[in-house]
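What TrEMBL says about this one:
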type: SIGNAL; residues: 1-23; note: signal peptide
type: TRANSMEM; residues: 82-103; note: transmembrane segment
type: TRANSMEM; residues: 170-188; note: transmembrane segment
type: TRANSMEM; residues: 194-224; note: transmembrane segment
type: TRANSMEM; residues: 248-269; note: transmembrane segment
type: TRANSMEM; residues: 312-329; note: transmembrane segment
type: TRANSMEM; residues: 336-352; note: transmembrane segment
type: TRANSMEM; residues: 381-401; note: transmembrane segment
type: TRANSMEM; residues: 413-432; note: transmembrane segment
Amino acid sequence: MSFKKHLIISTLIRVFLIYYGEVQDSLSDVQYTDVDYRVVTDGANHVLALGSPFKRHTYRYTPLLAYLVLPNLLVHPSFGKFIFSLFDILIGVLIKWILLNCYRSNKISIETKLLKLETLNNRNKYLIKRKNEILNSNNEALPPKYIRMAEISAYCWLYNPLTMIIATRGNGDCVSCSLVLLSIYFLLKNEQTIVQYFVAGLFLGLSIHFRLYPIGFCLAFYLATQNRTLEKWHDIVRSILKPNPKQIALVLGTVVALGSTSALFYWLYGYQFIYESMLYHLVRKDTRHNFSLYFYLQYLSSTFDVTVLEKVLTFLPQLILILMLTVRYGQHRQTLSFGLFAIAFVMVTYNPVVTSQYFVWFLSLLPLCVKNFRNIGIRKAVFIPVMWFISQGGWLLPAYLLEFKGWNTFEFIWIQSIVFFFSNVLILQMLISNYDIAYNYKID
């Protein structure tokens, strides 16, 4: 079956889920539609009345999201879900494009080195034949097995039930995820022109405007544009302080996109935009149940002010891990995708607030690394997702009893949050230990 047919099938599944959600919302107390979707729609209603979306209590997103779902009020209440589903499908397409581009880049690099080998002379008939094949071939052409691998990786996203449900419930995180993948696509393109890095920066800046989490990717993007590997810390600092033209273009694009959108909405909506869409997420205390290890601490201290020391101690572990992962995997174009996945995984696992829609931050990057886990074995390949879903299920039961039955299950939720946290730590350790950069393009 062709990739286009898979796109059609996955699109139809999402359309079915949207209509199924309409039925469940009308019949069940457990609503299929995400509560944030209703908040964003209410914000769009204020925008339509030429007001501010932040007049809607708990609207804490970019105003662009409210503009994006204006058809909810003009066409159909579920129109925004179709928009988010299209972005969800776009992520699958981008995964294939990025992987094909990476394979082509590795192919060209390997064959260029092969042509320079001194052994390519009249003494070796095979090498003479291989040299002529390379010289007469199209550098952009790939063997079918690599195209197939790129498509299989895309299917890991397109047919992922969790991500399909999150998008069709009306969550807009797929927009920021698609912008992150667009920035990766342009960053890793083979041409490596200044304009290409500027465009990558534009998409990175836009993704930060939509969601703050891509800030954690900035240093990895920056280091990946250098032409050499830096092993010592003072060399890394020197590289940061003395950027090359590619890095300047990347930073300039990021600043232009983030700065222009922020300036525009600050002019329209004032300080309220800065606080609600950005600053609030840095001081947020979610006393409602969520997956975070810090949930119960925040619940018990909900009547106290957050101290600077508390915020530092909360964010310090993930900042250290992000820095270590960036230095380890962010300096190489070949390992950048896995580095970004690991960084996103750490940010979600260690975040003070963790909800299910945050999972798409790293799930959208995981398919880019599938090809590098060939040594993981069938047992671990089954064990990892099973453990992850079971640890979530153990949390969902007491959360359901609290939310819909009114039972006091806070301590049980906290215990399951601890289990979920250590499950994630174990999963990341297993993925890092089984990651193998060798599984890229190889000369047959």
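The chain as shown is numbered from 1 upward.
Note: Cβ is positioned from N, Cα and C throughout, glycine not excepted.
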Q.
So if I exclude everything within five residues of the ends of the signal peptide (1-23), which remaining residues of that chain have a CB under 8 angstroms from its CBs? That is, six or more out.
A. 32-33, 78, 81-82, 85, 88-89, 92-93, 96, 151, 154-155, 158-159, 164-165, 167-169
Q. What else in the chain is close to the transmembrane segment (336-352), if you only count residues 6 or more beyond its ends and a Cβ gap under 8 Å?
A. 98, 102, 180, 184, 187-188, 213, 216-217, 220-221, 224, 284-286, 292-294, 298, 314-315, 317-318, 321-322, 325-326, 328-330, 358-359, 361-362, 365-366, 368-369, 372, 421, 424-425, 428, 431-432, 435
Q: For the transmembrane segment (194-224), find every same-chain residue at least 6 residues outside the stretch whose CB is under 8 Å from a CB in it, and list them.
A: 61-62, 64-65, 172-173, 175-176, 179-180, 182-187, 230, 236, 239-240, 243, 245-247, 249-259, 261-262, 278, 281, 322-323, 325-327, 329-333, 336, 339-340, 343-344, 347, 361
Q: Go through the chain and flag residues at least 6 beyond the ends of the transmembrane segment (381-401) whose CB is under 8 A from any CB in it; none is fine as an answer.
A: 289, 291, 356, 373, 407, 409, 412-413, 416-417, 419-420, 423-424, 426-427, 430-431
Q. Which bits of the chain, at least 6 residues beyond where the transmembrane segment (170-188) starts or stops, bring a Cβ under 8 A of a Cβ in it?
A. 33-34, 36-38, 40, 61, 65, 68, 78, 80-81, 84, 87-88, 90-91, 94-95, 97-98, 101-102, 105, 163, 196-197, 199-201, 203-204, 206-207, 210-211, 213-214, 217, 221, 224-225, 250, 333, 336-337, 340, 357-358, 360-361, 364-365, 368
